[in-house]
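Look at TrEMBL and you will find A:66-279 tagged as domain 'ABC transmembrane type-1'. Per TrEMBL, the feature transmembrane segment maps to A:20-42, A:77-96, A:116-137, A:149-179, A:199-221, A:228-248, A:260-282.
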Amino acid sequence: MNQASPAPRLRLSLTWLGLMPFAVFVLLFLLLPTMHIVIGAFQTRDGSFTLQNILDLNSGTIPSSYWVSIKISATSAALGCLIGFGMASAVVFGAVPRWIRSPLMTFSGVASNFAGVPLAFAFLATFGPVGLVTLFLRQNFGIVLQRDLGFNILSFWGLTVTYLFFQIPLMILIITPALEGLRREWREAAQVLGATTLQYWRMVALPILFPSLLGTFALLFANAFGAVATAIALTGSSLNIVPIQLFAQIRGDVLGNPNLGYAMAFGMIVVTAIANIVYIWLRIRAERWLK
Amino acid sequence: MSFLVLDNLQKSFGAVQVVKDFNMSIDKGEFVSFLGPSGCGKTTVLRMIAGFETPSGGTISINGKDQNRLKTNQRNIGMVFQAYALFPNMNVFDNVAFGLKVAGTPKAEIQARVKEMLALIRLEHLADRYPYQMSGGQQQRVALARALAPKPQLLLLDEPLSALDAKIRISLREEIRQIQRQLGITTVFVTHDQEEALSISDRIVVMNAGRADQIGTPSEIYNRPATRFVASFVGTLNMIDATVEDPAARTVRIGDQVIALREMPGSHKAGDPILLALRPEAGSLSSTGDSRLQGEVISSSFLGSVVRTKIAVGANAVSFDTFNAPDLTMPTPGEKVTLNFSSQDLLVVRD
Amino acid sequence: MSIGARIIGWAVLIFGLLYFFIPLGGLFEFSLKARRGVYSFDAYREVFADPQFQATFTYSVVMALVTIAIGILIVVPTAFWVRLKMPWARPYVEFVTLLPLVIPAIVIVFGYIRLYNTSSWLPLTGSVFGTNALLAFGYTTLALPYMYRAVDTGLRTIDVATLTEAAQSLGAGWFTILRRVILPNVVPAVLSGAFLTFAIVIGEFTLAALLDRPAFGPYLQRIGANKAYEPFALSVIAFAITWGCLGLIQIVSRFSKAAPSRI
């Protein structure tokens, strides 16, 4: 016993050594920087503990920027879920030919990764003051987007509509497997027990999908909440949302207090973390059912 | 009076005809099994009865009422699926109550009926469990209760035991049969397991390539198989190729031996090939019966309660079983033996 | 499937497809309008002639390649080691690699700027080389979730333990095993991760802008604020590159499915 113990310990530490490059990298470029922000959020300039930064988040334009950010993220996530769900179910339940599935999934895989500056320009070129759709509507129907429909690409709805470009494909990517996980026997069992299609959806399919739907919503929410580049390229600084405000703060300390910047960043982590925890938790529940 | 009548039923998927001219009448309270290998069309017939598939031709009527134009949810049928198909989002109680709920049954009545059903399958204590918390056998019993709760006029069982362990399979099949008898519900049971079909059914339909090869009681199917397919699919059977020696004397030639049959189909002429079948348990080495065949032992294997010996008779290998006894001496390969049997056990089989 | 359901299905699908393709069409159309009244490639000509475009684009391409190299060096051995020696640690490692999806990029780079400033223990932002390295590490972090998932999935399709034991029995060392046995077997997976990394890095804005590096993303944004048609032409180029990369991933994964990497 006494003689045997050093050897396993040595082997164990050698095993751990194989993980070192990864551990060091993650520590230096992911965990420590994040911890620095989180700790900074609870510190004064001279390094003592305080809750003042967190309390100060409730001052000036910060609460409204959080509110606008959350509204945009929630709206684009909800619409993305709705439209993505419709498209995915059209393919899965055979309303459109089956061969569409593969190209649609490929396309969604590509488009869901597409956020950033070029996306902003694509929407400017389409719905901007001299964009393709704007001109088309004005020339053919006499409709002026901004005047008649109150739509401005540099606004809340403009940003939401732009975010949908990657939100819808992300929804399709995630919800398609869930829809395909609905077993044919469940529908047949419901039918044979006398249920109508509506009853089947209300009592069986939607309750089964509910965790997936809500979970995907949470993921889409976090996805939109952290998007910086699209927002900045599209609206410059005209729309007051958290990522834009934080960007300005990092660039030039516009809040006049670096630790308040930490607190803002910490707030972003909290919001996306909550959304992701909800996603993971619901995902686990959903998978337990669909085993 | 026939309760479920399948008349000239046909089904094609594209160019492939999976069910051909299927005719059958099932009496009220009868337990009928569709037996056959996978792809023989048995499940398709069941799915047409349930209304999941539309027949390409023919009619289905239940209790004199044509079903073709009724949707699945208007047929009042109970069905149990191979993979249980319990609703994963509902507990046992809600699963069993589902059919009653969608029919708008009053709450108190649902309560009483579900209780009654759970008592029937002896799972009252699991009413709050979710499907993923139960074993396969328990889930399938709940599925049975769910199917029976709305008092269906017909019960369809689609390989309900295939996904279960061997032990549970046997106990559950006895339980299903007992519940079926108790309720007197007309039942159609689909299976590929001949032992299952033989043990549980009033009648068996052996299906092959979309057709019913033979319809009969388990003992008819087992003892008097009508075709080579039925004979080979149900139990172990010796197939013996012979030629007709003298149609008038009902004699056939097997290798260089000539024996007499109990009866011979009229169409055979001298020299025609004829297919005979003999169950292993029908033969014996002691001199009983009115027929005998000489052969050379090829092998002899000890199977526990019986010893199975294989002998060569002409070009045929014929197996027979002897009951085990402590003083039994097993035949050795190469030994010449005489196989005795009753001529009524030697069957003529269609190809 | 009833007629009504079919019509609704098609309507939803067509709406969605229009949603994807109209902005792309709008972007392309707009990029051709530099000359009044007719379509022309003037904007593209301007863009290609701009030395800043060439400089920033080259910078981003080099960055992307460096990022891919760092990513492979870190992810492949780690994923291999975890599968082989510490399978119990897989959920934890996977959790860590998914963190960059939870922590917004802007927060991570904020941390870099404060942690590695000129007066810190590791003053990476003090020199050009240091900042470039920091940016590459930052990109590797952003790409970590995709890279790790791709490689880990690739490793799942081969029997890592058996391959390793076979190689060891033939006298191979760890480096040889990784380079000669494991890497060739996960090439399609690594390529998928690499193309995705390339697509992410080439147009990335936040990190490059806040670390003040001359990359393509910030250049695109700056041009957008100052010029009329060029940014749209640039966006078309960026789109084409990204979609090309992601298209390549599809081809690679199809290819690897057609010829499974099992030995």
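Cβ coordinates are placed from backbone N, Cα and C, and glycine is handled just like the others.
Not measured: the values here are computed from a predicted model.
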At a Cβ cut-off of 8 Å, and with pairs 6 or more apart in sequence only, do we get at least 3 pairs between the transmembrane segment (A:149-179) and the transmembrane segment (A:20-42), yes or no?
no
Is it the case that the transmembrane segment (A:116-137) and the transmembrane segment (A:20-42) have 3 or more CB pairs under 8 Å, with pairs at least 6 apart in sequence?
no
Selection from A:20-42, A:199-221, A:228-248, A:260-282, the stretch that has most Cβ pairs under 8 A to the transmembrane segment (A:77-96):
A:199-221
Beyond the flanks of the transmembrane segment (A:260-282) by at least 6 residues, Cβ under 8 Å:
34, 37-38, 40-41, 43, 53-54, 56-57, 62, 66, 70, 211-212, 214-216, 218-219, 221-222, 225-226, 242-243, 245-246, 249-250, 253
Contact set, same chain, for the transmembrane segment (A:20-42): CB under 8 Å, 6 or more residues outside the stretch:
49-51, 53-54, 258-259, 262-263, 265-266, 269
